[in-house]
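According to Swiss-Prot, the feature repeat 'PPR 1' maps to 20-54. If you look up Swiss-Prot, you'll see 121-155 marked as repeat 'PPR 3'. Swiss-Prot lists 156-187 with the feature repeat 'PPR 4'. What Swiss-Prot records for 188-222 is repeat 'PPR 5'. As annotated by Swiss-Prot, repeat 'PPR 6' applies to 223-260. The annotation repeat 'PPR 8' is assigned in Swiss-Prot to 297-327. Taken from Swiss-Prot, the feature repeat 'PPR 10' covers 365-399. Positions annotated as repeat 'PPR 12' by Swiss-Prot: 431-465. Here Swiss-Prot flags 469-499 as repeat 'PPR 13'. Residues annotated as repeat 'PPR 15' in Swiss-Prot: 532-566. Annotated repeat 'PPR 16' per Swiss-Prot: 567-597, in sequence order. Sequence annotations record features per position, and here Swiss-Prot assigns repeat 'PPR 18' to 632-666. What Swiss-Prot records for 738-813 is region 'Type E motif'. Annotation comment: Swiss-Prot describes 814-844 as region 'Type E(+) motif'.
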Amino acid sequence: MGPLRQFVQNFRLLSGFGTDHRVFLDVVKACASVSDLTSGRALHGCVFKLGHIACSEVSKSVLNMYAKCRRMDDCQKMFRQMDSLDPVVWNIVLTGLSVSCGRETMRFFKAMHFADEPKPSSVTFAIVLPLCVRLGDSYNGKSMHSYIIKAGLEKDTLVGNALVSMYAKFGFIFPDAYTAFDGIADKDVVSWNAIIAGFSENNMMADAFRSFCLMLKEPTEPNYATIANVLPVCASMDKNIACRSGRQIHSYVVQRSWLQTHVFVCNSLVSFYLRVGRIEEAASLFTRMGSKDLVSWNVVIAGYASNCEWFKAFQLFHNLVHKGDVSPDSVTIISILPVCAQLTDLASGKEIHSYILRHSYLLEDTSVGNALISFYARFGDTSAAYWAFSLMSTKDIISWNAILDAFADSPKQFQFLNLLHHLLNEAITLDSVTILSLLKFCINVQGIGKVKEVHGYSVKAGLLHDEEEPKLGNALLDAYAKCGNVEYAHKIFLGLSERRTLVSYNSLLSGYVNSGSHDDAQMLFTEMSTTDLTTWSLMVRIYAESCCPNEAIGVFREIQARGMRPNTVTIMNLLPVCAQLASLHLVRQCHGYIIRGGLGDIRLKGTLLDVYAKCGSLKHAYSVFQSDARRDLVMFTAMVAGYAVHGRGKEALMIYSHMTESNIKPDHVFITTMLTACCHAGLIQDGLQIYDSIRTVHGMKPTMEQYACAVDLIARGGRLDDAYSFVTQMPVEPNANIWGTLLRACTTYNRMDLGHSVANHLLQAESDDTGNHVLISNMYAADAKWEGVMELRNLMKKKEMKKPAGCSWLEVDGQRNVFVSGDCSHPRRDSIFDLVNALYLQMKEPVVF
């Protein structure tokens, strides 16, 4: 800019000696090309003083300079002062207005239309028709088409091209765009490009490719834009056809050196190969490219990312930065940040953030800020996400959606509501993505009332009815189901009618399962014509929770028979079945599948550990525990629970010590499990120390289960009076579990005097529980109070209380044998009873030492 202004200043000094108007023409054009308004104004004054303004070419050049510098007030003022208004003059003003003054351009065009002379030319329509697209004004576009026909310009190449492009952008392909294309007398490469792009943009890929094939039969040769238009069309086809067609086009390009060396064409070819998954061919072509621009690098980085080649994408970005020929732009950053998230590389993401902060042009780009928010949200770093959000100078609805989504499932509920309040004050219209974040928040806080509010807003805003794919409807259904309102979820399901998808069915099915409505779930399953792994995994869970282990295993086998690969959720639903059957053989099969399938989810490891312990194999449980360095609180709790069930209190204390060294803070569930382990192992002092630490170390209030464990520990030392005092002095009302614990201790230590008092408290706390009555009956029996036993038995009979029958499992050679108390249905019952009787007689025989 500086040298040009110096030149203009020197030119003005020399102009007094007389200068040809053609020199003025060249200098004014130079000012227009770089939008140098200051120099242009100076030249305008000079031209005016010397009388060169009377020259038509010079005046048009000055007019064009004002239009290019977007000084439309000066441009129109000069226009009104001009004596000769030919089509070129009108078109200059129309071009300037079309950049930023859409409606004003249309008014100016109408003024030209009603003027006696001149009439709009083909260039005029080439300027105004694209403006109709930008304004979304198809009515005026069609009106102009009528005017074009009356003016006899419909066969003109420039006008025809503009009409084809306009109709294609409005989606009016048949008959409008195609008729306009067919009417062009001399079709040039732009004509063919317009119709191919029009078909492609309207997802009419077969027609687009057919048009390209017809073009090849014409004298007009495809150019770089044609190749760029047709390659995405090929990529959208069936993979085998796509590869064959794309390679044929590549061969066509190689035979024409002017296309082969064009960087735009090379970028399009690389993009095509990446879209069809031919990564090696894309990489080879990229390496051979003579010249690469930033688009070349961006195409390959984004292509690697879309093909899940995260490391290759990151390595290429690293090469781009260190090569230094071109600098990353916003497109590069938007592509690479999700790659860092996939690689769980927070450090590299932060380095990229630092790079952004050092380059203000990136910091000002809203899309870059949006990508940063999403990146930090993937790591659960809401503070960093909010910081990136607060630094953004301009925020759009995508920015707000990204930050709301970051906070939606975090514990920071107040911040989410505060952000939502600010969004509503910004007067930005919420879209369906915003609603999805709101529903995620509602699920997080289990707020059924809030789900109804969001539902009401969605209906009023018309967001539900505008959906072709019921993404929002499915999300509402899922939110109602997860918040426990299956009735409303079913209403949403019915409302979706023919728009129901597999997601709709699975969401309702999951709602039924979570609410325990297994019959409704099974009925819905029978109605489903399409199923996926999620569906079948839910069916495994239904049978597992319904105590139908054989059916659950049958469903699991059906999953494999259908060629589906069970995932983490499937196995987690199946493992409780192994515990129900107490089948170590089945657990080991599941463990083998987990290893072969590479299922390393920490929650799955915790469940596997727990089931091994429940099946009696502490060795396998501890092996699973030791195998994962990511041990979390759930795994520690499961390991302690396993030791607790088997009375291995010392080992449980060792795990507790290990957890403390790992700086993992225990929760109520873990402490209760530790207390249970101490109770079962008789570790009274250790247990009481852990109980005291609930308040003194961890700053928590004991739960009812923990109070019951403390009572058990005190009573196990024979200090029943102390235990009774502890219960009566509790800051909360003791429940039946606590009184029942104390009653069992009274029975064990033969303290019937205290036991009668405790029994009365127990019945007052829970009078209709079968187990409580059996417990009291056992106490009477231990004290030989048979009248009390009979009285309680009669009372239980009157209340129709039944003690559940005892049940045992025994696995022999992978075959499960079930024995229920009083059951004689086993096929080998005779030999079993004979052996039991023989063992009983041996036990009765006197032992001789």
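Each residue, glycine too, has its Cβ placed from N, Cα and C.
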With the cut-off at Cβ under 8 Å and a gap of six or more residues from its ends, the chain residues touching the repeat 'PPR 12' (431-465) are 397-398, 400-401, 404-405, 407-410, 413, 416, 420, 423, 471-473, 475-476, 478-480, 482-485, 488
Counting only residues at least 6 beyond its ends, the same-chain positions whose CB falls under 8 A of a CB in the repeat 'PPR 10' (365-399) are 330, 333-334, 337-338, 340-341, 344, 346, 349, 353, 356, 405-407, 410, 412, 415, 426, 428-431, 433-434
Could you tell me how many residues in the repeat 'PPR 16' (567-597) are helical, how many are strand and how many are coil under DSSP? 28 helix, 0 strand, 3 coil
Across the whole of the repeat 'PPR 8' (297-327), what does the mean pLDDT come to? Round it, please. 92
